[in-house]
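Pulled from Swiss-Prot, these are the features on record:
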{"type": "TRANSMEM", "residues": "70-93", "note": "transmembrane segment"}
{"type": "TRANSMEM", "residues": "156-179", "note": "transmembrane segment"}
{"type": "TRANSMEM", "residues": "195-219", "note": "transmembrane segment"}
{"type": "TRANSMEM", "residues": "291-309", "note": "transmembrane segment"}
{"type": "TRANSMEM", "residues": "346-369", "note": "transmembrane segment"}
{"type": "TRANSMEM", "residues": "385-411", "note": "transmembrane segment"}
{"type": "TRANSMEM", "residues": "433-455", "note": "transmembrane segment"}
{"type": "TRANSMEM", "residues": "531-549", "note": "transmembrane segment"}
{"type": "BINDING", "residues": "CYS573, CYS582", "note": "[4Fe-4S] cluster binding site"}
{"type": "TRANSMEM", "residues": "589-610", "note": "transmembrane segment"}
{"type": "TRANSMEM", "residues": "664-686", "note": "transmembrane segment"}
{"type": "BINDING", "residues": "HIS675", "note": "chlorophyll a' binding site"}
{"type": "BINDING", "residues": "MET683, TYR691", "note": "chlorophyll a binding site"}
{"type": "BINDING", "residues": "TRP692", "note": "phylloquinone binding site"}
{"type": "TRANSMEM", "residues": "724-744", "note": "transmembrane segment"}
Amino acid sequence: MIIRSPEPEVKILVDRDPVKTSFEEWARPGHFSRTIAKGPDTTTWIWNLHADAHDFDSHTSDLEEISRKVFSAHFGQLSIIFLWLSGMYFHGARFSNYEAWLSDPTHIGPSAQVVWPIVGQEILNGDVGGGFRGIQITSGFFQIWRASGITSELQLYCTAIGALVFAALMLFAGWFHYHKAAPKLAWFQDVESMLNHHLAGLLGLGSLSWAGHQVHVSLPINQFLNAGVDPKEIPLPHEFILNRDLLAQLYPSFAEGATPFFTLNWSKYADFLTFRGGLDPVTGGLWLTDIAHHHLAIAILFLIAGHMYRTNWGIGHGLKDILEAHKGPFTGQGHKGLYEILTTSWHAQLSLNLAMLGSLTIVVAHHMYSMPPYPYLATDYGTQLSLFTHHMWIGGFLIVGAAAHAAIFMVRDYDPTTRYNDLLDRVLRHRDAIISHLNWACIFLGFHSFGLYIHNDTMSALGRPQDMFSDTAIQLQPVFAQWIQNTHALAPGATAPGATASTSLTWGGGDLVAVGGKVALLPIPLGTADFLVHHIHAFTIHVTVLILLKGVLFARSSRLIPDKANLGFRFPCDGPGRGGTCQVSAWDHVFLGLFWMYNAISVVIFHFSWKMQSDVWGSVSDQGVVTHITGGNFAQSSITINGWLRDFLWAQASQVIQSYGSSLSAYGLFFLGAHFVWAFSLMFLFSGRGYWQELIESIVWAHNKLKVAPATQPRALSIIQGRAVGVTHYLLGGIATTWAFFLARIIAVG
């Protein structure tokens, strides 16, 4: 008799054919909800359809089904992203001056859009240099393409087609994993496996393959481009990959192959994996050899991290154990119970991820200018300004989204009966202390930061410059920030003796880097003006946090409405006959938070735009004399409110206001139109629902009189719908106005 060890049971992780594919179902608007599927009685129907189409919680309470819908939707999202990327690459291939730009990136502007001559619109095709007429783009795609080693428009075509194939693949995957093989709930909740795959697969192998691409393709091609070789003469990527001798001519260590790696003689590879610091003086970007080295190191770290968590083999960390082992002196049972929250509430999980990703996006915004990663990015001022602004806005929206989903978690997924005395419960029990302290901090910051400006405006108006807070009178130097700058400027000598420069030129100490007579980067001086505006940043950020955090902590109950949880995430008032309870829902806090997020980000991008034009960007003469775009006026002008209005907003708006009849005229029209969109929002924000319902009823009366009344009854927007339309147009109008103002200005003077 043969004794066999018991066969390990294979877990079945998917359900086959759980939901049948039905085009009839898809074609029926509102098929996900019994009420909406009946069709419209009133115009409110179309709003409810939009509000609930993606609110999977409202379709079903089955967590597995919700998880599958979210998972499937992610593939749809990826499909759209690939489609968009394909379009970008196609524009580069078909409508751009990429090859011309590649041959002379300092004198030719990037353009990938040529306007057709319909009713005179061809005026928008400005001269970007090299005899090409088109719209100047500020997305940074040209710089990324050069860094990846793309040398021809044919390569862009091929990539665009590849992205289309991937878009189709993702669309198929979204259908397949919902209708054909849908994962079980246990699969979605297997966090250790998910961590291993995401860390080792996405981040580890992703970074490794990018490092490999850089070493074998980007570095040699960029080496040739920097030396002024014609792109058409440079060997193609596959020649570098297949022919080691080609690479060995540029990087001698390639001749030795993998021997140094296995004999641990790694320093041999220092010719293409460097640790220099600072910027490449030819391109004004980070050294690409530094970037390749960085991605290799990151890949190793994440490949190790992707083998740390316990899955099939019973070794490694369990996330639940790690969380529950965390106990501070004041936190009682510590993180006990958090694991269950994060594996059963996707809103809680999403909230954390949005907060982290939002913060990371803002970190990216600040690194794109201080450590410009791509060749010729630093001297393309329009792109620099656009990338900073874009990443700041995105980060702001993601962080507000984090608060929104935290509040939805509190209302829909939080179970107070099982959550006694865990960390979240302890936070909720002293929420009054948290919010009142935060409120005090906001009042303090608001009065003091604004007060410093008001003082300066008053002294300036009275003709008493010696009594102002400024670098030339009463100094308020940002000493801590200056200390951090100096520490980082001096750091390489002590901590990285092999590096030739510090991580960023902005820290100070180093010389400036100029490319083609334009400043790429130089040490950024900080003074009283920065100290003042920094405290406005502190103020606006704290108010945003106050509003959002109050919305989360009081989402389920408050002294005013103890049973708020029963009213849901969004409600206009606590019923008729209970005055003073309107606009207190968690949704309303997100609504208000969006306005303060807009304030906060606006001040940041204004600060950045003016500071860079005043103290960094400009031209360099043959003698090495730097002339900044606004001649260093930030330090003395931005210390009064009047200075911001006169020397920044008004002075720099001249380009967009006077753009008519030039290739920048579209920005003038957008500037005007976006102001209108913004003003349109006020109509929704300042007037009540009753006004519109009354107006509608008299219009309906006229229609009935003429016997042209529709079957669907018109209804005024609900209070919440009105506020949603209002905030959307407020933000859209404000952001588009700022975009037009920034770009018309920087394309004209940069």
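Each residue, glycine too, has its Cβ placed from N, Cα and C.
Recorded features from Swiss-Prot, shown on the structure.
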residue : record                        : Cβ within 10 Å
CYS573  : [4Fe-4S] cluster binding site : 17
CYS582  : [4Fe-4S] cluster binding site : 13
HIS675  : chlorophyll a' binding site   : 15
MET683  : chlorophyll a binding site    : 13
TYR691  : chlorophyll a binding site    : 10
TRP692  : phylloquinone binding site    : 17
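Fewer than three CB pairs closer than 8 A are found between the transmembrane segment (385-411) and the transmembrane segment (433-455), and contact between the two stretches is not assigned (pairs 6 or more residues apart). Proximity of distant same-chain residues to the transmembrane segment (195-219), defined by a Cβ-Cβ separation under 8 Å and at least 6 residues beyond the stretch ends, is recorded for 147-149, 237, 240-241, 247, 250-251, 272-273, 288-289, 291-292, 295-296, 298-299, 302-303, 305-309, 311, 319. Cα separation, CYS573 ([4Fe-4S] cluster binding site) to TYR691 (chlorophyll a binding site), rounded: 18 Å.
According to DSSP, TYR691 (chlorophyll a binding site) sits within a helical segment.
Note on the transmembrane segment (531-549): residues 399-400, 403, 434-435, 438-439, 441-442, 445-446, 448-450, 452-453, 456, 469, 476-478, 481, 589-590, 592-593, 596-597, 599-600, 603-604, 607, 638-639 of its chain, located 6 or more positions outside it, place their CB under 8 angstroms from a CB of the stretch.
For the transmembrane segment (589-610), the list of distant contacts is 369, 385, 388-389, 392-393, 396-397, 399-400, 403-404, 407, 530, 533, 536-537, 540-541, 543-544, 547-548, 550-552, 630, 634, 638, 644, 648, 652, 723-724, 727, 730-731, 734, 738, 742, 746: same-chain residues at least six beyond its ends, Cβ to Cβ under 8 Å. With a cut-off of 8 Å between Cβ atoms, the residues of this chain six or more beyond the transmembrane segment (724-744) that come close are 138, 382, 385-386, 389, 393, 591, 594-595, 598, 602, 605, 609, 652-653, 655-656, 659, 664, 667-668, 670-671, 673-685, 717.
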